[in-house]
Amino acid sequence: MAPAKATNVVRLLLGSTALWLSQLGSGTVAASKSVTAHLAAKWPETPLLLEASEFMAEESNEKFWQFLETVQELAIYKQTESDYSYYNLILKKAGQFLDNLHINLLKFAFSIRAYSPAIQMFQQIAADEPPPDGCNAFVVIHKKHTCKINEIKKLLKKAASRTRPYLFKGDHKFPTNKENLPVVILYAEMGTRTFSAFHKVLSEKAQNEEILYVLRHYIQKPSSRKMYLSGYGVELAIKSTEYKALDDTQVKTVTNTTVEDETETNEVQGFLFGKLKEIYSDLRDNLTAFQKYLIESNKQMMPLKVWELQDLSFQAASQIMSAPVYDSIKLMKDISQNFPIKARSLTRIAVNQHMREEIKENQKDLQVRFKIQPGDARLFINGLRVDMDVYDAFSILDMLKLEGKMMNGLRNLGINGEDMSKFLKLNSHIWEYTYVLDIRHSSIMWINDLENDDLYITWPTSCQKLLKPVFPGSVPSIRRNFHNLVLFIDPAQEYTLDFIKLADVFYSHEVPLRIGFVFILNTDDEVDGANDAGVALWRAFNYIAEEFDISEAFISIVHMYQKVKKDQNILTVDNVKSVLQNTFPHANIWDILGIHSKYDEERKAGASFYKMTGLGPLPQALYNGEPFKHEEMNIKELKMAVLQRMMDASVYLQREVFLGTLNDRTNAIDFLMDRNNVVPRINTLILRTNQQYLNLISTSVTADVEDFSTFFFLDSQDKSAVIAKNMYYLTQDDESIISAVTLWIIADFDKPSGRKLLFNALKHMKTSVHSRLGIIYNPTSKINEENTAISRGILAAFLTQKNMFLRSFLGQLAKEEIATAIYSGDKIKTFLIEGMDKNAFEKKYNTVGVNIFRTHQLFCQDVLKLRPGEMGIVSNGRFLGPLDEDFYAEDFYLLEKITFSNLGEKIKGIVENMGINANNMSDFIMKVDALMSSVPKRASRYDVTFLRENHSVIKTNPQENDMFFNVIAIVDPLTREAQKMAQLLVVLGKIINMKIKLFMNCRGRLSEAPLESFYRFVLEPELMSGANDVSSLGPVAKFLDIPESPLLILNMITPEGWLVETVHSNCDLDNIHLKDTEKTVTAEYELEYLLLEGQCFDKVTEQPPRGLQFTLGTKNKPAVVDTIVMAHHGYFQLKANPGAWILRLHQGKSEDIYQIVGHEGTDSQADLEDIIVVLNSFKSKILKVKVKKETDKIKEDILTDEDEKTKGLWDSIKSFTVSLHKENKKEKDVLNIFSVASGHLYERFLRIMMLSVLRNTKTPVKFWLLKNYLSPTFKEVIPHMAKEYGFRYELVQYRWPRWLRQQTERQRIIWGYKILFLDVLFPLAVDKIIFVDADQIVRHDLKELRDFDLDGAPYGYTPFCDSRREMDGYRFWKTGYWASHLLRRKYHISALYVVDLKKFRRIGAGDRLRSQYQALSQDPNSLSNLDQDLPNNMIYQVAIKSLPQDWLWCETWCDDESKQRAKTIDLCNNPKTKESKLKAAARIVPEWVEYDAEIRQLLDHLENKKQDTILTHDEL
């Protein structure tokens, strides 16, 4: 259509529409109402500059301090520049150290305030010092404070005599090689003048190695601004109005809050209004009016017919697929997030049949390959799965940073496109192995052989027998050496007696275990069996074995140890002689034991083998080559540990037989010892998992290794790159070969230790097929030509000689006699070998200079943190050092094997097919290995592809000539996952360059609405305020143009580990009715706590210690919060905020009976008495704690009937300060009442219920109210009510555990809280708790119910009434499942119940209920009334005591006659009349109206008082 014609059409359309709208009246296009929700942190806004520094610290400590140097006084500009300018200034400074991708990631980190908790953590640590008054910055020097720079010197003088401070893993330590220095901790705000002044002095002292300088962020005057968060979802769900739940005391919401007048999408019913307004700017007003009209007409929410629902998912996909590709994801976001008002228009979309067919084909393929069902959602970034249920914005940031690091490194090596994905798929896995020693060694004396000894001749030999069932705890007896125990012992030590006894037990009971000994004996040839028991035993053993057999020799050894005196426990020569004389009377004792014995062969072999293995102190034991842990070497522990490993190995062997990799032709020992994790030597330095890798990749370094002055100013990465670029190698051949392993040895080769390391490396190189060897010089003393004679000889040889001669000459220089001769004055040329290019060598030797040694020494000092002369090794970029002991040829072999098996072999395989120059291939492998291995282990990558992509896959291409992330998304556009994923994909598209494929994984034949809520995912690629000059409230969920008729409920969907609460709202967020509001509904939430979760197990029993209590606090407040350990998974949770916390056992029984013996996920070393837990992130923190009982408390149990003598403060799953009184001990005569409520109406009911309880008892009452869903108004009023009526209360709080199946509907979540967490919601001091529904009115003293005898049941419920006959048709429990399940038992109502918590915990009722819930909740149609269906379903596993019927009366089910006996009245819903509860309450319970009026009077009084306070304040 021609432009002129199009313009005329639009004008005609708008003209007629405007006329029509004017006739309909202005009300049609009135400003629409909206709902907004914010979430703020509990702490104030933190400075972006400090957050940027934490981002840098994650990159490296070096980058942190480099960034710090450039921004020392940057905060000064904050006073003069706008937020926008200052924000850009920070990004500009950061840009000096980051590439474009990481700048985008920094912006994203700012947006989600990812590093704010780290700043707040330091703020909390500073508060715990505490800071001196009036100081902008201060230092702490071994417990002494000052904010004066000139006092630092004085405080340092006696610092060593004071306690050294604890340093956290997240502390920023100024780079230095020395750790054992006085620690000076600076608390200051980076970027301020005060900080700069302190930093100048402290950094100078640190460089001079006078102090260890540590920086911790400290903001003396925190911002007054709230810090709004993002990375969470907000749902506006449509509520059922079957039973009216609105509070008629509410007034209409009047608010001046405004929301930007914008629509969430420019597209409305096919019109792209954004583009239309650009083209026809003169018609903007008319277009806006037309747009609003279409929106209003679009908001009709008439229910859809069943036949209209069936194809909705495909119809949504058709509309999305037909949109322009770059608008399609935004359209999916609009449709999914606003589905209730989009559903009607979707029914008019014709389904593209090509798309439908293609979707079904792809779904079949995905189902087969990945088990992805129609409707399932998956997101993959570079093949890594992003679990939408678990991953949050903070985890995604971490993932993108790690991926970006690898991708940048590969790009700098010239790798792009598909080649890059090959390398990304590599995963460093070898370090997960448990390494085992090769036990095929002649030094092991095997006392039995299952395969050849007659003792086992009747046993079956076939591996198939492994598949046959055996008794639990037993191992199949098969005539194969599948189980092997090796004991390393010194026969003349006290411990040996127990080990001989253990071997005898296994041998004599015919346990299917081959047993071997390695005897570590005196190796002095002058020592014989006449005066050394060990040597005597060895010679006797060899004699008996030779004359008879090995088994006879072992039995004789057992007899020798049986003769050991009980008070000595150590073998003597006499014990050996006695057995020889008694058992072998014809033997000549001195021929066997004496100095000329012929039975002394291989005496030294055991000691030699033991030394070669690298095992720790004796005794040692191996099972199939795997060493036992130190704590398992106790003889009782060892016996059980051996049997357990045999059972574990049997399971492994069964699997291998089943898979066919193990059969009857397989040699058992070779099968076990040919696995990848079998090594010739255990070297903990090589095998440890906390490894340091060098970054050898640089894009811009041109410095020469001899250019010391330039090298001095390079950073660590560039220094490493220069060393790598200028390294010379000894290889297997002079031809160009590819070495998958590059070894650098670091030493002072002018010292004996350095030459020994060189000798062992050369020894390894003789047999190596994968390695090349480079040399790094680290001289001990000041460098000159005199003290580098050997090193210069090595260097000159590397620079001038071919490999064959180079290896031989280096071998010469490694000999001590030659080195001694050279230093005695002999010329080095004297020792040149035949075939060397002697002229070239001499010329280079005389001209080489010492600059290269200075460069190497600086590299060792700055990058490797080695002192002069210290030794180390680098293997494919992995640094091991400093070496404290000899590094043997076997160690080099082990290191090569592991490096090659880990990634070297795989990288080599890829590289060989890439056409890279052979000379560069070995360098390339080394650099890629160093890069990929430096990244923490990642999950497996999936290669997800689609059979066809023409009609069902949205594809967007990345920007050309730049690296890109490969993103695969699979989602049904009408699911909760699509609501979140759409916004995430939009944000990712602005952060990273990505190639995306989005597959429409639609479900067909829908029978109900797929979505029943509006949704917003609050996430942006960068800060909204600060990133532009427009003032903004910060991240916010905005629901614009929402229909006014439905009743809505607002839900926050936050990351795991967040506990949020509402702090302000201008209406009832459980019952939002926009018809009753003037304009905007606002909800303000606060992140109240970050959750600390954990698992706890008893180390001995490996069972959770049920009822164990932990406390979390600081050194000044040891017990701020506490919690109880569940039996289920040993799970516990504690509430905290950013900071450094101390985890302890609760004072009382927990501390008396148990001790903590191990922990993971904490910030402190395992041997530290205090367990330090640092919370410095929005991500979940999960701990693992091991405990064991004190020796004298083995038989004691926390959950016994004795009184709990606690001294700590119960406060873990409650608020910190809500209680008027805190009890430290059990109070017998108190009524503990538990209740839950959500929404203003039910809070009104709750207050009335509480008053009715109080009016009918003289016993002190304590209410336990679930805090999670209480409104700000209720929380504000409850303290006044408590004071007025004289009761106590706790607001209990618990986060639904992640491992327990989640509920999504508010009512069902609340039902879950009523029943699923009774064992952990309340302290152990509470014996009994009574649950009373909020809509109940009590007419009797509940003390009677508390004291009611439950006959041993853990809880008592009232059965449903049967007396109102007209309701028989509604009694669901009388028919179907419930009738058959209950038989003649009653179905109980959950409106009122009493729980004996001691009994409940003792029988594990909570865990039983949770397990059954987990099983039943898989079916969404089960547990329709969760809180009462679950206990009734479990009636046979967790008994219910039926309470007398009088305890609960409700009109729906009970006849009128029984009302007069009612002790409580419940306002049950009536499925027949659907009468609202408010009407029913006033009609059924006369006193309800009186209670209501009384409380209303109190609330009015409080409101008037509040208004008076505000007026007085304003006047002042």
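Every residue gets a Cβ built from N, Cα and C, even glycine.
As stated in Swiss-Prot, the feature motif 'Prevents secretion from ER' covers range 1513-1516 out of the listed 477-480, 529-532, 1513-1516.
A 10 Å cutoff on Cβ-Cβ distances gives Asn950 (N-linked glycosylation site) a total of 10 other Cβ atoms nearby, all chains included. DSSP classifies Asn920 (N-linked glycosylation site) as helix under the three-state reduction.
Here Asn950 (N-linked glycosylation site) is compared against the recorded positions Asn286, Asn920, Tyr1289, and the shortest C-alpha distance is to Asn286.
Look at the Cβ of each of the glycosylation sites Asn286, Asn920 and count the other Cβ atoms within 10 Å; the largest number goes with Asn286. Taking CA atoms as the reference points, Asn920 (N-linked glycosylation site) and Asn286 (N-linked glycosylation site) are 68 Å apart. In the three-state DSSP assignment, the secondary structure recorded for Tyr1289 (phosphotyrosine) is strand. DSSP gives Asn950 (N-linked glycosylation site) a coil state; it is part of no helix or strand.
Cβ-based neighbour count (10 Å, all protein chains) for Tyr1289 (phosphotyrosine) stands at 21. For the pair formed by Asn286 (N-linked glycosylation site) and Tyr1289 (phosphotyrosine), distance between Cα atoms is given as 59 Å, rounded to the nearest Å.
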